[in-house]
Amino acid sequence: MTALLELDGLTRHFGGLTAVDEVTTHVGQGELVGLIGPNGAGKTTLFNLISGFTRPSSGAVRFKGEEITGLPPHQVAHRGMSRTFQNLRVFPNMTVFDNISVGALGALGVGAFQSVIGGRKRSHEISERSWEMLERVGLNEQANDLAANLSYGKRKYLEIARALAMEPDLLILDEPAAGMNHSETAELSQFITELNSEGLTIMLVEHDMSLVMGICERVVVLASGRKIADDTPVEVRQNQAVLDAYLGGDDE
Amino acid sequence: MSKQLLTKVGMVVLLFVVVPAVLMAFDRGYFYQIATIAAVFVLLAASLHLVTGVAGLLHLGHAAFYGIGAYVAALLGSELEIGFTLGLPAAGLAAAFVAFLVALPTMRLISIYFAVATLAIGQMLYLIFLNWVSVTKGPNGVLLFSGIDFFGFDIESEIGIYYVVTAIMALSVVVLYRLTNSYYGNALRSLREDDQCAAAMGINVTVLKMQAFVISAFFAGLAGALWAYTTGYISPNDFNFSQSILVLAMVVVGGLGSLPGAVIGALLLILLPEVLRDVGDTRNIFVGLVMFGAILFLPKGLFGEVSALRFARRILGSGWSGSADNREVGWE
Amino acid sequence: MLDPYYLQQLTIGLSLGMIYALMAIGFTLIFGVLNVVNFAHGEIYTIGAFAGLLMIATFGPPLLAVLLVVMAVGALAGFGLERLAFKPFRRFSDEASMKSRAMREATLMSSLAMSIVARESLELIFGSQFQSVDLSYLINKQIQLGPVTIVNGDLIIFAVALVMFLGLQWLLKYSTIGLSIRAVSNNPLGARYCGINTDRTIILTFVIGSVMGALAGILVGLYYGAIYPSMGFTPGIKAFVAMVMGGLSSIPGAVISAMILGITESMATSVVSSVWADMVAYAFLLITLVFFPQGLFGARRERV
Ligand SMILES: Nc1ncnc2c1ncn2[C@@H]1O[C@H](COP(=O)(O)OP(=O)(O)OP(=O)(O)O)[C@@H](O)[C@H]1O
Ligand SMILES: [Mg+2]
């Protein structure tokens, strides 16, 4: 298995706090990797470091064998990585369709000039792809509704669909199941496994243990910024360091 | 589709048949003047709509770019005898070029910091208009005697000037409409909604903001040239801060994010004070009050694809809001 | 030894800086608490000047009485402004929405609209030209201090600015009002849970800031002998520049920046024509904004 994403000694300080501390791991092509850890463990920060939203204090990120450390987010995205946000960020005053189209046009690119004359082929591609994603997450009925008017669960799917419309090689999901009930979570985990089985590499942060343990092949555990385990779900569940981190409370 | 076509034909008939007919029927210079001023401000509001309404950047110095266009056109015409045909594009390009230069360092700024930076830029340009006497003639302003030469035709009649100004305005508005009602427009909207999130979608936020700013300045420059040629005299105070605010008020009143809104806002703020002329010189108070009312009573205020005119859109159907399924870049 | 000419320029710069500081203090106070730009602060300044002018023209009381009335008018104007242009947009009082972009931009525009209405109404009533002020009230009697000449207005403005600055620092640090202002500025929702009346605190902040603005208006009006409806625009911008340079919510920072601004401007006029002096402030603003996009020590960008 070739590594799609490699993290090498990734570290980030915020003032005196080390939010991510010397994290080294990798994500192989086609893998579905879970990232867990207590609140404030540095999971979101790690995602921000990977996707270019935060610059690492030291360490390197390699994606498809190329170094992407310190690249701005849009360039990281262009290389085939797309992400969702922990606190659900759809474009509220745009329609559902327009939301998704931003993912597609971000990846394909649109120019000011071609939007005035010509550019039919490109726009055709964008709308094809957007419709495809809409159908995929079952939002085609609501294509013309404002995103702000969707239910919470649907907005979550919208955000994922928007990220998928970029047709990424690596999808990073930050707590996709937060705020969902049991059946919704089950449905979501079904969806994620489905995406993965189609060959999409996924990295996911989640607090819902049953989701992570149920679908991930490998789980990375962070505590206070440090990686304390990186193993199969079964092993992680029995790992003493992990149990301590979760049950022993803060050791800071 | 047919409804859209109907709207388009209706607009063309209105602009190029009905309004001229009315103007000719009354045949008063004053009416022609108002009609051309209205056309200039419609173009200005439409150009600000691109930056402020769609891309969500609060721009408080728009009048300065309008001024650059006006000065370039007027000075080319009066000093170098370069006429309208070349002066018009030169005005637009000059404004766009200056916008590009000032945008280089400032486009990283967000929200109110952007607003204040544009205010400062606008004021600096205004100071240049006012104090660079050797070039701009300072507070005395520039007189432009030459009429509009349009590819060799000399256009002198008032109705002729109306046609030229309106045609250029209409063409520009169509271009702006296509820009904003396309996937490119969606990219701009995503900046307004959440620029960090847009970056995660692979959108180069800085470049896109810069494009919107420069394109908008280009059209403001065109409006400036039209202004210089229709009034024949420009002075720094035509391009000061309160003019920027006037244009901003037009966009806000019509509803941010809506091009027809910007157009109607411009007409409202130009024509209504003329109607209310008897009340005295209260135009600016009126502008302030209308702006305040618009901010207060449009519950979504700035951030929706909002408008006082949403109902108007609904009534006029899809002609104004491309529905998702037939939206393509540049083709509705 | 410094050339007396430059010493004189320096003195002029200091007094100019003092004037900007007078304005910047109130402006920064309001920004620090509400995180909003009060575009109408310049008009509060103008209203203060006009209130003083009317007092002088109709009653001709001693200067101190004029100042007291001006302060009262400023307080009233600040109260009205807050109710009209800010309160309606404070629909939710949790921290996120109070400091949200929507709130900031809506109030920026509403205060802008209010400032237009106020300025244009004054222009409609009084005309746009300079108003004549009773000469005996002007504070421009010359005083020779060694090689430099100053006027009594410099001393008055210095004294008032100092009192205002120290008084405010004291108020914020040691009084209960100050405590509640600081609490609201830190975390409005938290402050409310602690039993602080956020609404009243915000009004109070506006009132204090506006009293200072109005006072600045009349003092500067009497200093230059120039009172006119659009007099507040430029000082308003200068105050904003000082605030941004000083780190957005730091009053000492704003005061120091105002002094720097004043001195630079007056020094610049010895190199270029004085009509370009305003360029300095705008250039300062742009440079600060560009190199410190959120102000010198300003708030961080929201987290992803
Ligand atoms: N921009 C920032 N500035 C300062 N500190 C930060 C910043 N971003 C994160 N932190 C701190 O870094 C630590 C890790 O935060 P992070 O958001 O990565 O945790 P998390 O694992 O995602 O937690 P949660 O499960 O709550 O989402 C926290 O202590 C947080 O306060
Ligand atoms: Mg997190």
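Each Cβ is built from the backbone N, Cα and C atoms, and glycine gets one as well.
A TrEMBL annotation is a machine prediction, not a hand-curated record.
Looking at C:98-123, C:202-227, the range annotated in TrEMBL as transmembrane segment turns out to be C:202-227. Per TrEMBL, the stretch carrying the note transmembrane segment among C:12-37, C:38-63 is C:12-37. Within its own chain, the transmembrane segment (C:150-172) is flanked in space by residues 11, 14-15, 18-19, 21-22, 25, 29, 138-143, 178, 181-182, 208, 212, 215, 219-220, 222-223, 251-252, 255, which lie at least six positions past its ends and keep a Cβ under 8 Å from the stretch. Sequence-distant contacts of the transmembrane segment (C:239-263) (same chain, at least 6 residues past either end, Cβ-Cβ under 8 Å): 10, 13-21, 23-29, 31-32, 37, 41-42, 161, 165, 168-169, 172, 185, 280-282, 284-285, 288-289, 294-299.
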